[in-house]
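Record features (TrEMBL):
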- C:6-33: transmembrane segment (TRANSMEM)
- C:8-418: domain 'TRAP C4-dicarboxylate transport system permease DctM subunit' (DOMAIN)
- C:54-74: transmembrane segment (TRANSMEM)
- C:135-162: transmembrane segment (TRANSMEM)
- C:168-193: transmembrane segment (TRANSMEM)
- C:214-236: transmembrane segment (TRANSMEM)
- C:242-258: transmembrane segment (TRANSMEM)
- C:270-294: transmembrane segment (TRANSMEM)
- C:314-332: transmembrane segment (TRANSMEM)
- C:337-354: transmembrane segment (TRANSMEM)
- C:360-386: transmembrane segment (TRANSMEM)
- C:398-422: transmembrane segment (TRANSMEM)
Ligand code: NA
Ligand code: NA
């Protein structure tokens, strides 16, 4: 082969990131007729967190990496738009935003500029569905039920603002300490996707109440070292771009399939799964609304990217509605 | 030889000063780390009002403990298997010790060069997630570079220490070991999370 | 080509390059020789990020707590308490040494701290009473490996950090194995004492009054583990925070209750802890960097395939692994060994059905015992510098104790309940 790409994801082989990478590797290696080889490093072997891995992508010691919006916030703060609550209504809208609007291209441009033309956003997929509020204490049907609960967040200001807005106390706990902290009561809740909740066996630690408020889309931002990409001949660039498109589809599909078993296991284990009514969802949205202003004012490039994001969502909703109408008799 | 002895005295004094500063920074960091974490526990458990910053602030302190490590290095507190050195005849053992010091120096110099590029380059531009510093225009997020500078500072101090140790070893090999000024306080600092 | 960093590492380590530099030099040189200079920056970055971790902070804190207790006279109270309990046994002071190590283990996370704190007190005392110096030093070294087995434990913190396990579960899992090692050492001491005629005569049994006095004095120090584990289990704080609480508690007891320490002693205590911590943190960082090259060279896959061709039966594999760990433990500190080998060996055994917490115990206890084996036995070095006896002499005197420790490793390996019962009882499994 002529090109070897090092791809890494800080998760494990049960994660949707891995599913995406397997699809990518398979597509790229065969479509390039073996000219490109993709080496997978799953876990924290090469780098252990968003900041560290993005540094690696910037200097070319890592070619391909997937980060959550939180992981990239330290250098591209505006990617946190995906953590803004209740903007996209469901998977179909989110996928339309990420495939058929200019949002990804706008982010790519901005990220290239901010990284001195080193980090290129290739595509944005999903990792783990949507974030929901889950807790060890009680069923949550409205924001006031969250009041007084200590909810674990990452050490980043946007998720903390959100938790504060709905009346709970944001508590930074490192991920590896979270299980014990839930079990002993250091914190009473989390905001994670169902596959992470089940993967970490949080219900065993008492996390038994889950409200499907779907407050944030768990976007997975796939980046590549810009030079590694642009130095490819055009026909191989095309293979890589198509590979990322296939990867994106795989990461859209994988959490949907995985979450079925995860939800079933959660309920089988005695978990209380609550789906808020449309009215209740509105109550959550209203409670969370201060976060948007906070984001536009406090986050570097936040205002601009939020405007882009809202425009993309409107466009996506129109597209989807038009197609829906066409598909119905 | 006199020139070497002279430079050892100068470098030794410089190292002794820098290391003393480093030790006081380390003492302060250690104390602050404890305070930060106690604040964190108190606010969360007693007041039920968790604070976002103590975790990162305490990590900041822990990273700056690095400036104490050169003291350990100068006093021989870095663990090594010295069996072979002791088995070898004196002269050979001394030459081996010199070679090992040079290898250490190579590692340190390469590390300092990379580390400096890291602090001043793209990596250092990431911002901290919960720490701010005051500027004339209000509070700004602290760049990660301020944390990253800890390791490269510690390593740079070690470069200076190893250069001194190399010069001392050269003098010893020349049979003038008796003329060397002693390194004070051989506190045993055997490493061990163990 | 890159895989040659392993032999290079062994060579530079054996000729005496400090572990920290060896961990960086070998991978660095091989990356350079194979034209992968861009990856040198990965090495540096993983070292830095390896140290930049919240859970690791428990290591400096437990070291500081240990320093405070030693300076504050807490160690002395523990020894007096042990004396009242087992001082009248055959080879009384040796038994006191072992029991003190077990108690000290509940406060400290480090075998080195144990050896230097208890050794500097008990080795001279044992010599005065008529034990040989080599025997005294050997008992001290052998029993101090209990330090990181009974919680709190620096090694378990590192294991949990690298392998993403629950620190609390590992801490609880260490209780029974630690007590077993202690009991085993006490039995061996008794057997040796029966066969030797040159041991000092029996001491008198402490009166109930003396026992009461000693217990009273040891009350506050002995409360430390209760506060640490109770606070963790009760949800007041995380294991990392518990280590800071332990520091505060030790400071309060030393400064205000026992009053053997003054504020003016504080800077030196802080400095000693900072010195030891900085070296350990560097080692952890360097080992994390080393681990990166382990991954880049695809060593884990090669090694896993190789290990699985040796035997299919997990029981036989566990025996082989114990052998491997014991040998590695002779040459490498427990911390770096865990960082490098844990990610390679852990997944193999969990996929064979071994509980991750159980495997953590097998690995940690084995590597901890390695601290008392030459040529790279940290505890032996410290025992030697505390007692003035040569490392080689202590290494010979320690053999019967090592034998019982190897026996306990066997028990831990083949009876999972020894490790798992306590964490299971508290709902951590
Ligand atoms: Na311990
Ligand atoms: Na050893």
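Backbone N, Cα and C define each Cβ position, glycine as well.
If you look at the transmembrane segment (C:360-386) against the transmembrane segment (C:6-33), you find fewer than three C-beta pairs under 8 angstroms, all six or more positions apart, and that falls short of contact.
Residues of the same chain lying 6 or more positions beyond the ends of the transmembrane segment (C:398-422) and with a Cβ under 8 Å from any Cβ of it are 138-139, 141-143, 145, 172-177, 180-181, 184-185, 187-188, 192, 315, 318-319, 322, 326, 354-355, 357-358, 361-362, 365-366, 369, 372-373, 380, 429. Counting Cβ pairs closer than 8 Å and at least 6 residues apart in sequence, the transmembrane segment (C:54-74) and the transmembrane segment (C:135-162) reach three or more and so form a contact. The recorded stretches the transmembrane segment (C:314-332) and the transmembrane segment (C:6-33) share 3+ CB pairs below 8 A when only pairs 6 or more apart in sequence are counted, and are therefore in contact. With Cβ pairs under 8 Å as the measure, the transmembrane segment (C:270-294) is packed most heavily against C:6-33, out of C:6-33, C:214-236, C:242-258. With a cut-off of 8 Å between Cβ atoms, the residues of this chain six or more beyond the transmembrane segment (C:6-33) that come close are 39-40, 43, 47, 279, 282-283, 286-287, 289-290, 292-293, 299, 331-333, 336.
Counting residues 6+ beyond its ends, the transmembrane segment (C:214-236) has Cβ neighbours under 8 Å at 65, 69, 74, 77-78, 80-81, 83-84, 103, 106-107, 151-152, 168, 171-172, 206, 242-243, 245-246, 249-250, 253, 257-258, 426 in the same chain. Here the domain 'TRAP C4-dicarboxylate transport system permease DctM subunit' (C:8-418) has a mean pLDDT of 87 out of 100.
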